[in-house]
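Noted in TrEMBL for the protein shown:
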ACT_SITE  316  active site, proton acceptor
BINDING   25, 26, 30, 174, 175, 176, 203, 316, 343  3-phosphoshikimate binding site
BINDING   25, 100, 128, 176, 347, 388, 413  phosphoenolpyruvate binding site
DOMAIN    12-420  domain 'Enolpyruvate transferase'
Ligand SMILES: O=C(O)C1=C[C@@H](OP(=O)(O)O)[C@@H](O)[C@H](O)C1
Ligand SMILES: C=C(OP(=O)(O)O)C(=O)O
């Protein structure tokens, strides 16, 4: 039975709140993969607990990693990861859910296992692009059943070792095709020389995150030539890390300050980070907001008027940007995000449909969105099983009475506690009254 739409709170006063966000999905799932092939036991402190991280842990456990919860310093237990034994032999099935990081990062790792590893996921996962990673596995000499479909489901037949060498991949559909191969390539006999063969790669910050993490663990990565990455074979050093907050998921909360003309503060904002969400510091001032970072506290204050923006390759930040843009007084253009059509849902189509259903004026372009000012009214904002659609609906609801968000529980993909965090934010400070 589908649950009733969430009567998302509407703010009747500017917000004044301080919020702490759970750990980063991209960092947690990268460190989990790296721990599974590291040269010793690893510890992840204050990791993300969400559907995507649970799916990643399930996948790595089924390949032979031992992942245990151990007491941590805060509310969330730490994870102790004992790597997959060398040349482990298993036949298993992996549920990828709707997690791009699981469906892209784990198949190259499964190639290092001796056995058959079947991959499948949610109905929405079965339409997400996979062909480039399957083609890369074929170039590495790995047999994959049902590879010709170019989507889930498929099965990887690993032999226990991968020779490696030169691999060409068109990563125009997702940066995750590059990250997936880089993450495990140090464990290939000859490493990898990975070459992107298409026009341009999206979400390049996520590739930089992968490269930076690998280097921090002693892996030799040469990315000095554009579109080429060379990873030398060698050990991945065991590690003990504290996970940063998810700065992309900070987006809806910071947007709440912008659309209510209030202030939202996020403590422990990292001074140096690989997360794309650090770009909120450049993006939100373009909407007219004041942004400061002092003593590790990021503070965003909205102003009376929201300006439209013109932004390129905003990656996973785009749905939040679109939600703010449809409340702006001048038009906005978002470019370089055609690949969002292959995210949890076709985000360009979904954003246009939902914004326009509330009276807005949004349209798709070949590589993005144009959003013009228009008075919005109440209605149901559909989520399409996409966590970032659900949070986009919650942002609009703050400023537009009568907006309800269908399937708010889909936020569990990366932020299970979202409804509570959101209502807690609204109840703080000047007590922005909540109109349900
Ligand atoms: O590697 C990662 O952790 C991610 C890469 C990006 O994928 P795309 O390159 O498909 O946009 C991003 O949108 C996704 O949320 C997470
Ligand atoms: C695109 C996203 O997720 P995934 O890791 O499933 O690709 C996202 O979180 O915005």
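Each Cβ is built from the backbone N, Cα and C atoms, and glycine gets one as well.
Checking the recorded positions 316, 343, 347, 388 for a CB within less than 6 Å of any atom of ligand 2 leaves 316, 343, 388, listed in sequence order.
Between the candidate binding-site residues, 30, 128, 388, the densest Cβ environment within 10 Å is the one around 388. Counting Cβ atoms from all protein chains shown, residue 203 (3-phosphoshikimate binding site) has 25 others lying within 10 Å of its own Cβ.
Highlighted here are the recorded positions (128, 203, 316) whose C-beta falls below 6 Å from ligand 1: 203, 316, in sequence order. Each of the binding-site residues 25, 413 was scored by the number of other CB atoms within 10 Å of its CB, and the largest score is that of 25. Of all Cβ atoms in the protein chains displayed, 24 besides its own lie within 10 Å of the Cβ of residue 347 (phosphoenolpyruvate binding site). For residue 413 (phosphoenolpyruvate binding site), the spatially nearest entry among the recorded positions 25, 30, 203, 316, 343 is 25, judged by CA separation. Checking each of the recorded positions 25, 203, 316, 343 against residue 100 (phosphoenolpyruvate binding site) by C-alpha distance, the shortest gap belongs to 343.
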